[in-house]
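Colleague: Marked as active site by TrEMBL: B:40, B:83. Per TrEMBL, the feature domain 'Peptidase S26' maps to B:17-94, B:102-143.
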């Protein structure tokens, strides 16, 4: 490879420098140095492509989480602490904050922002709910809020304790149970029959 | 011919996805530029001002009293609000005007913050909808762009980060 003359043609200002370095470098050493540099470049390129794409996918499209606690028995974690269910969390479905009554959703806990809780949506904005254990007997869900409850009443820290939650805290919609394999199923959006609403917002 | 066009399209889509993901990571974990509209933070932030928000304080739970934060609106999750943090969890907030005889106060519950705009007469904030959960906070404003950008940089930082003046009729007491 004739590096001296190529440098002289393309970069007239650096022609002198190129000519000097091109002549003195050993061919074998130049090849191994080039291999390391090429590997480093490829690694950086891959890293800066893969990490943002993976992070964006886990934040915006879907991720996986393990469920702990007994607040959603018998739908989730029926075995208690022996075997925790692993669920698929779908962020894409709630990107416009659209949820239906009966969906199982995960949200940021209003009492502890470091923790996420997973509950079932019982009522949307405008509905009137008959509460179980809340300080008011009947609560009208304000605009932009939802009422969530765990399926295991009495063992659940949910809207009966902290009231309606803002839709801005919504994190994801749990659609499938992935693990253990014998509990592989799609989670249905059904309201428990004993939690029928007192009054629904006019459709 | 077709293969060339197809190849170019795929490469364009690939670059778009890559830069979109980098932009998402930057806005979500580092910070970004926001335009504020509305009169509720005058005179600190005027209508249609451009401000710089950082999201690191939110992730490390470093939001303090006196910070101006951007949060999701509790009644409309698709819109954002820009207010000052007056009280953190456990603080005691006086929630009435000085003309009332009986002073009523409330405590900010755990995991919540109390927000107020600087323009008290023209601001819909926690005095109207109550304390908001910490999880709704998106980021903290640390710098404001404007005509005074070049000259008064340090004065703006001081104004944005000053603690709320306790001489106003909203007083607060820390609990612990």
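Every residue gets a Cβ built from N, Cα and C, even glycine.
Quantities reported herein were computed from a predicted structural model and do not represent experimental measurements.
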Colleague: What parts of the chain pack near the domain 'Peptidase S26' (B:102-143), using Cβ distances under 8 Å and only residues at least 6 beyond its ends?
Modeller: 31-32, 34, 39-45, 51-55, 57-58, 61, 63, 67-72, 74-75, 80-96, 156-157, 160-161, 164, 170, 175
Colleague: Per DSSP, how many helix, strand and coil residues does the domain 'Peptidase S26' (B:102-143) have?
Modeller: 10 helix, 17 strand, 15 coil
Colleague: Distance between residue B:83 (active site) and residue B:40 (active site) at the Cα atoms, whole Å?
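Modeller: Cα-Cα, rounded: 8 Å.
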Colleague: According to DSSP, folded down to helix, strand and coil, what is residue B:83 (active site)?
Modeller: strand
Colleague: Counting each residue once, how many in the domain 'Peptidase S26' (B:17-94) are helix, strand and coil under DSSP?
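Modeller: Helix, strand, coil within the domain 'Peptidase S26' (B:17-94): 17 helix, 28 strand, 33 coil.
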Colleague: For residue B:40 (active site), which residues in the same chain are close in space, meaning a Cβ under 8 Å from its Cβ, but six or more apart along the sequence?
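Modeller: In sequence order, the residues whose Cβ lies under 8 Å from that of residue B:40 (active site) (at least 6 apart) are B:82, B:83, B:117, B:118, B:119, B:122, B:123, B:124, B:125.
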Colleague: Would you report the average pLDDT that the model assigns to the domain 'Peptidase S26' (B:17-94)?
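Modeller: Mean pLDDT, the domain 'Peptidase S26' (B:17-94): 87.
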